[in-house]
Structure formats: C-alpha cells, structure tokens
Amino acid sequence: MSVTSTVEENHQKNPSTPAAVEEKKKRRWVFWDRRWRRLDYVKFSASFTVHSLALLAPFYFTWSALWVTFLFYTIGGLGITVSYHRNLAHRSFKVPKWLEYLLAYCALLAIQGDPIDWVSTHRYHHQFTDSERDPHSPKEGFWFSHLLWIYDSAYLVSKCGRRANVEDLKRQWFYRFLQKTVLFHILGLGFFLFYLGGMSFVTWGMGVGAALEVHVTCLINSLCHIWGTRTWKTNDTSRNVWWLSVFSFGESWHNNHHAFESSARQGLEWWQIDISWYIVRFFEIIGLATDVKVPTEAQRRRMAIVR
C-alpha cells in the first residue's frame, strides 16, 4: 500500500487529523496538485458538457426550444428546491412515497447529482456552516464556494468523512437505485430530447436550462454567504438576496433559511417571493403534504435582530 493511500485512509477515518488539516491548506486549487478520482472526472465531464451545449445553443435556436428551456429549468429547479432541499435534506414536510419519489426524480433531471450525494453535502453544510469543514466554505473564495468544490471528492472526504449522514435515504431502494444509475437517466433524457426536437431541444434544454439552474443553485452557496441583508441572528454569514428569489424559487432568502433550517417556508414575509413554498402549501391544502414545519412567533422573536 502506498503512503498516499494510507494518508487518504487516515483522512477518511478522522477528517480532523493534522495531516488532513494540512492537506486542506494545500488543496485550494482544485485543478492541479491533487489526485483526480473517477467521480471527479465524471462530475467535471458532465459540467463541461452542459456548458458546451449552452454555448452551442444560439446556433440551434427555435421558439419551441425556448419553451423547452423554461420547462427544463422549472421542473428541475423545483425538483431541487422542493424535493432535494426542503423535503429530503431538512424533512420540513411529508408527502406520500409516490410523490416523494416523483419529485426526487424531477430533481435528478436537473443534472446536479443523485439525492444521496446532494442531500449529504447539504446536511454537512448546515452542520459545519462557514467553518473549515463546510463542503463549500465561503472562506475559501467565491469560485470555490460557487462551483469548484464539486470537482474534488477527496477534499470533501477530508473535511467531513464518509457520507454517514444520509442513512434514512440509503435504506430506501429507490435512492440507492438512482445513485447507481444517475448517468443512464441523464443520457436517456438527452436521447429523448433529441428524438423530440433534435439538437435544438438538447442544447436549449440540457445546455441552457441546466446551466442556468446549476449556477442559480451555486449562487445560494456563494453569493448568499457574501452579499445581501440579514434579518436573523445566525452564527454564520448567510444573507437574503431579494432579486434572486424568483429565479431560485425562494431559495435566496438564505438568512431566513439558516435561522429556521427545518422550515418549509423560506420567504417568511408576505412580500418575500417563495415559489417552492407555494408548491408545498398547495400540496398541504389538497391533503398531500403533512407535518409542514414553519417557525413559530416565539422562535421568530428569539432569532430576530433588534434594530
């Protein structure tokens, strides 16, 4: 066994060892001075493909393709926010299993990874927010917290250890199936779009639509920890960014979210647009969503910043 592999195993067992901390200091630049794993190549290749398709999109423009972009962005984006984030990561509401799985599958098509991977990373983010162990810590720079952290799986292991915080998802066959077959679903989507509308639908759907949604999601990790307003006393740098709320389906009320992590509602004021909450509320009204969590008045008073 090589010395390198021995060190990596020590990182995985104890991400707080001096060797692991020193490794974190050395590995800010994710494209060199490091060992690339197969998962890193897969994620980088997927990202490169999505952005390349987006750059090709102007050459294949049609009005119908523009509608495909809107549908892809909306279905995938709401899948991420309603399913991966509020339902699976924070358990802020419950729905029947058939609906839970359907929403998760919509999120999978946003090309942001499988539920187990996404939810685990997000739970670690809340556990270690803005610290050295935050998977996408803003302390390591805007571009790292925005996108570059995705391409270094070993660095994530050195920070947080193995994905031991998603046993609730690992116990379910559906999420294990998606984790093992995610690439086939994305490829299938590509062939389906090509069958319906050729390269026009592929470039505008999986290119423009997916790229926009990826960067809006990433702005929550980067921009919403750097710029914006604060309403609540949280032990982090989370911010509310009002102009991003429509595009993020309500996710950019990020200081609200970090103050009340388990809340299904993130736009806590009537004027704070939160499309994801409107979807959850609709499910609740028609009897599909139960145990919907929102902060109490006492909790809001306790967390409010006195001005």
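Along the chain as shown, the residues are counted starting at 1.
Keep in mind that glycine also has a Cβ here, set from the backbone N, Cα and C atoms.
DSSP classifies His85 (Fe cation 1 binding site) as helix under the three-state reduction. Residues near His85 (Fe cation 1 binding site) in space but far in sequence (CB under 8 A, at least 6 apart, same chain), listed by position: His122, Glu251, Ser276. The Fe cation 1 binding site annotation in Swiss-Prot covers His85, His90, His122, His126, His257.
Per Swiss-Prot, Fe cation 2 binding site is recorded for His125, His225, His254, His258, and the stated evidence type is similarity to another entry. With a 10 A radius on its CB, His254 (Fe cation 2 binding site) counts 27 other CB atoms from all the protein chains.
If you take every residue in the motif 'Histidine box-1' (85-90) and average the pLDDT, you get 99. Here Swiss-Prot flags 85-90 as motif 'Histidine box-1'.
What Swiss-Prot records for 122-126 is motif 'Histidine box-2'. Packing against the motif 'Histidine box-2' (122-126) from elsewhere in the chain are residues 84-85, 89, 133-136, 156, 159-160, 165-166, 221, 258, 261: each is 6 or more residues past its ends and has a CB under 8 Å from a CB in it.
Distant neighbours of the motif 'Histidine box-3' (254-258): 126, 129, 220, 224-225, 228-232, 234, 236, 238-241, 266-268, 272; these residues of the same chain sit at least 6 beyond its ends, with a Cβ under 8 Å from one of its Cβ atoms. For 254-258, the entry in Swiss-Prot reads motif 'Histidine box-3'.
Residues or ranges marked as transmembrane segment by Swiss-Prot: 53-73 (among others).
According to Swiss-Prot, the transmembrane segment annotation covers 99-119 (among others).
According to Swiss-Prot, the feature transmembrane segment maps to 182-202 (among others).
Taken from Swiss-Prot, the feature transmembrane segment covers 204-224 (among others), and the record attributes it to sequence analysis. Listed by sequence, the residues of this chain that lie at least six past the ends of the transmembrane segment (204-224) yet keep a Cβ under 8 A from its Cβ atoms are 47, 50-57, 60-62, 65-66, 68-73, 76-77, 80, 110-112, 125, 136, 138, 142-143, 145-147, 186, 189-190, 193, 238-241, 244, 247-248, 251-252, 254-255.
Secondary structure of the motif 'Histidine box-2' (122-126), assigned with DSSP and counted as helix (H, G, I), strand (E, B) and coil, comes to 5 helix, 0 strand, 0 coil. Sitting within 8 Å of the Cβ centre of His125, His225, His254, His258, and not among those site residues for Fe cation 2, are the Cβ atoms of His126, Thr129, Asp130, Ile220, Asn221, Cys224, Asp236, Thr237, Ser238, Asn255, His257. Each of the binding-site residues His122, His125, His225 was assessed for Cβ neighbours inside 10 Å, and the highest tally belongs to His225.
Listed in chain order, the extra residues whose Cβ falls within 8 Å of the Cβ center of the Fe cation 1 site residues His85, His90, His122, His126, His257 are Arg86, Ala89, Arg123, His125, Glu261. For the motif 'Histidine box-3' (254-258), DSSP puts the residue distribution at 5 helix, 0 strand, 0 coil.
On a Cα basis, His258 (Fe cation 2 binding site) lies 8 Å away from His126 (Fe cation 1 binding site).
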